[in-house]
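Participant: One structure, pasted below without further comment.
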Amino acid sequence: MGYYSLTEVTAVQYAKEHGYFEKKANVVCHEIGDGNLNYVFKLDDGEKSIIIKQALPYAKVVGESWPLSIKRATIESKALQIFAKYVPEYVPVVYSHDEELAVTVIEDLSRLTITRKGLIDGEEYPLLSQHIGRFLANVLFYTSDFGLQSEEKRVLEGTFVNPDLCKITEDLVFTDPFGHYDTNDYEPELQLTIDELWSDKTLKLKVAQYKYKFLTRKEALIHGDLHTGSIFSSPSETKVIDPEFATYGPFGFDIGQFIANLLLNALSREEEQRGVLFFHIEKTWSYFVETFTKLWIGEGVEAYTKEKQWLPIILQNIFTDTVGFAGCELIRRTIGLAHVADLDEITNKETRIQAKKQALSLGKELIKYESKNADIQLFRTLFQQTVSGGIKA
């Protein structure tokens, strides 16, 4: 029959035909997706529920003028299965994948809340940083040359060649926000700040280097889009979802994106409410380092993991990349195609514009920052300097 787009009616038919519900079951189905690239259906018969996710052959945020390969659904399904191999507690269960229809049937996580929404609403997730730090350390270590035999890594790397979505990242994260491109989206009040940003040749040279790292450093399997909208949370659980951008890339990319989105939420808050975000930023890194170090010592398969001086160099390189990638994410989420609710839902216009100017300033400083001795406190320090007016866009 070939590919066709599901509806709420045909999603129920599909689920029944594949044995997820009895033929006579009264199944309620709603399209619940708020993303840019897929349909997401929740199906519930009162006793059990599932999620059906279908990749569209175009970007929903733009329309059919932006075609995309539906093979990304297979990449997403495979990525979730790889993640589950190492950290099953931090990802939803994948029940099945239909390559022809680009349909994946997965665990319903309705008991949890999208982390971005929860943070905007003031919810606290005390285990978020512990879980994400450990998730990142396990996935990045075990899919790298340090935790995987080189021939196995090369085979796995070939599985995650993801040209369409990598091109989106190349353009929307590293290129378009730093110049005159139609995809950019921002308030007129930001124009002077943006003009200064676009004329900063030192900044552009640094962004070019980070883009080149993304293009060429195939260090480990990365999620590729690890923002707080790609994570479900509760006070006791954390689940990472939506790895359709998964590919082999730099160790620091996912860490930087996650931290940047915590910083964006911090910018939307009053000063006295920001401490929990810096707690999560600092703990994410400390749990990552702790877990990665244990795996390096106990599970390392590459010969030079036995050299004690090698690990600190690797961790410092990861941190340096984390800082720069976080800066790129701050800027693209402020003036690029895909904004974040943390800033856009600030109701007072003057406050919203000020927060966005601060996001641009902080992003610029993170990208341009150079020090081989920096530690995780750098994010707090530069943030405080930015919001206090010590750093101007």
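Note that the numbers count up from 1, one per residue, in the order the chain is shown.
Each Cβ is built from the backbone N, Cα and C atoms, and glycine gets one as well.
For reference, Swiss-Prot lists these features for the protein:
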| type | residues | note |
| --- | --- | --- |
| BINDING | Asn38, Lys53, Glu107, Asp108, Leu109, Asp242, Pro243, Glu244 | ATP binding site |
| BINDING | Asp225, Arg332 | substrate binding site |
Participant: Express the distance between the Cα positions of Asp225 (substrate binding site) and Pro243 (ATP binding site) as a whole number of Å.
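Facilitator: On Cα coordinates alone, these residues lie 7 Å apart.
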Participant: Determine, from DSSP, whether Arg332 (substrate binding site) sits in helix, strand or coil.
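Facilitator: Reduced to three states, the DSSP call for Arg332 (substrate binding site) is helix.
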Participant: Could you state the CA-to-CA distance between Leu109 (ATP binding site) and Arg332 (substrate binding site) to the nearest Å?
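Facilitator: Pair distance, Cα basis, whole Å: 29 Å.
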Participant: Distance check, please: Cα of Asn38 (ATP binding site) against Cα of Arg332 (substrate binding site), rounded to an integer number of angstrom.
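Facilitator: Their Cα atoms are separated by 21 Å.
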Participant: I'm trying to understand the geometry here, so how far is the Cα atom of Asp242 (ATP binding site) from the Cα atom of Arg332 (substrate binding site), in Å to the nearest whole number?
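Facilitator: On Cα coordinates alone, these residues lie 19 Å apart.
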Participant: Including all protein chains displayed, how many Cβ atoms other than that of Pro243 (ATP binding site) lie within 10 Å of its Cβ?
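Facilitator: Here the count is 27.
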Participant: List, in sequence order, the same-chain residues at least six positions removed whose CB sits under 8 Å from that of Asp108 (ATP binding site)?
Facilitator: Lys42, Asp44, Ser49, Ile50, Ile51
